[in-house]
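Here is what Swiss-Prot says about this protein:
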- GLY170, ASP171, ARG172, GLN173, ILE174, GLY175, LYS176, THR177: ATP binding site (BINDING)
- SER374: site 'Required for activity' (SITE)
Amino acid sequence: MQQLNPSEISEIIKGRIDKLDVTSQARNEGTVVSVSDGIVRIHGLADVMYGEMIEFPGGVYGMALNLEQDSVGAVVLGAYTTLAEGMSAKCTGRILEVPVGKELLGRVVDALGNPVDGKGPLNNTETDAVEKVAPGVIWRKSVDQPVQTGYKAVDAMIPVGRGQRELIIGDRQIGKTALAIDAIINQKNSGIFCVYVAIGQKQSTIANVVRKLEENGALANTIVVAASASESAALQFLAPYSGCTMGEFFRDRGEDALIVYDDLSKQAVAYRQISLLLRRPPGREAYPGDVFYLHSRLLERASRVSEEYVEKFTNGAVTGKTGSLTALPIIETQAGDVSAFVPTNVISITDGQIFLESAMFNSGIRPAVNAGVSVSRVGGAAQTKIIKKLSGGIRTALAQYRELAAFAQFASDLDEATRKQLEHGQRVTELMKQKQYAPMSIADMALSLYAAERGFLTDVEIAKIGSFEQALIAYFNRDHADLMAKINVKGDFNDEIDAGMKAGIEKFKATQTW
């Protein structure tokens, strides 16, 4: 019998080990250890990267979020009921991408870009990464062009510019979504493309928003990204980033876009749920430590970019055009508490906030914009000239009125000047009221502000301010159409427009037809 030398045995074993290729298999493949609540733990996958797509059997995908020493924590994108312990998982070497392009306009898609409106598949083939780095300081341009929301209270006192991030904050059911939807409706003829991201809302609410956009002719100009309350936390967390990528498509090609995130409080809650299930240490209000970064990396992507950036991005196909992505994030507060964790975070990230107040809403002042607390940090430079010129006294009148109204409750007799200020404040407050789904043109808005600024409302009964304004606008659009068209086109204020408005209002008031 042939005997083997111990050294020969060692050589054979070494040779076998050298030939055995387990590294590639073990590093790019893994085994599912546990599945629960949309979270999968995988053993192996040593080469996986943060945010990488992981493929499971049956065409199910996940996203790697926790990279630990001997396991990976991932969220499942979609239904996880088909996954079971012991199944294989593979690295794909790709990060999550969603469809982008003008083919998405007029469509309702989910957080992964799949159409959910029953209008058939999307025709485009272009996709882009969901997570992208925001443009650097060098590529940015200052905000100096307006986004007209169509609301007097906003465009006159808290103007929004192209490339700005303006927060809409307030309690539930006081008109935050209504304000944002009206802003989208007002863009249908402005050349600004819109993206509406619904996060954690009822499907009936989303369907109602889509119907209103369609009725007002704005859906053809809008992409709706829906991650309803029935969707998984992973899709609610991803939806804003998907919508932002779709909006950036227009920005990077020298176009202007507006994106509404409705609302980021629910995204933060979804992210908190994912983080707690991944066993990450909780912080204030049980949110994870990186919840600020969650919103800052999203909102920093909204910007106005320079001509050089657009030219570089399009390889010279588009020249001499700036692009912009304007963001209107919405935050829901609890009982008006703006000092909670998520509201303070988003206030510090954005370029101003529109604060909606429950007390004003309940007293019939709609939109319930509190001009004293609301601010636009960069929009002033972007405001239309005529609106800027005529709105100077509006904010002051409202601020003085609020102060005097509180004082007048205790004082029995008021002097003439104080009484006049109070009455003027009441008239301006009444003038700032506006119906939903009725955004105003620049000329209509300028006319209302002119009447208030130049004292033409002094002898109009407070109860009739609304009907006076409607009749005045109808009169000017009928008998002074040329003047109104001129204001809408140029947005300038000069002596000719001043004289035309003054003469027209005096003539209208003489008719007493309101």
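Backbone N, Cα and C atoms are what each Cβ position is placed from, and that goes for glycine too.
Excluding GLY170, ASP171, ARG172, GLN173, ILE174, GLY175, LYS176, THR177 themselves, the residues of that chain whose CB lies within 8 A of the CB mean position for the ATP site are, in sequence, GLU332, LEU356, PHE361. Around the Cβ of GLY175 (ATP binding site), the number of neighbouring Cβ atoms within 10 Å comes to 19. Sequence-distant neighbours of ILE174 (ATP binding site) (same chain, six or more apart, CB under 8 Å from its CB) are LEU356, GLU357, SER358, PHE361, ALA368, listed in sequence order.
For the binding-site residues GLY170, THR177, the ranking by surrounding Cβ atoms (within 10 Å, all protein chains) places GLY170 first. In this structure, the C-alpha atom of GLY170 (ATP binding site) lies 11 angstrom from that of SER374 (site 'Required for activity'). Under 8 Å, Cβ to Cβ, and six or more positions away along its own chain, LYS176 (ATP binding site) finds ILE168, ILE169, GLY170, ASP262, ASP263, ILE330, GLU332, LEU356. Sequence-distant contacts of ASP171 (ATP binding site), defined as residues of its own chain at least six apart whose C-beta falls under 8 angstroms from its C-beta, comprise GLU332, THR333, GLN334, ALA335, GLY336, LEU356, SER358.
Least crowded of the recorded positions (GLN173, SER374), judged by neighbouring Cβ atoms within 10 Å of its own Cβ: GLN173.
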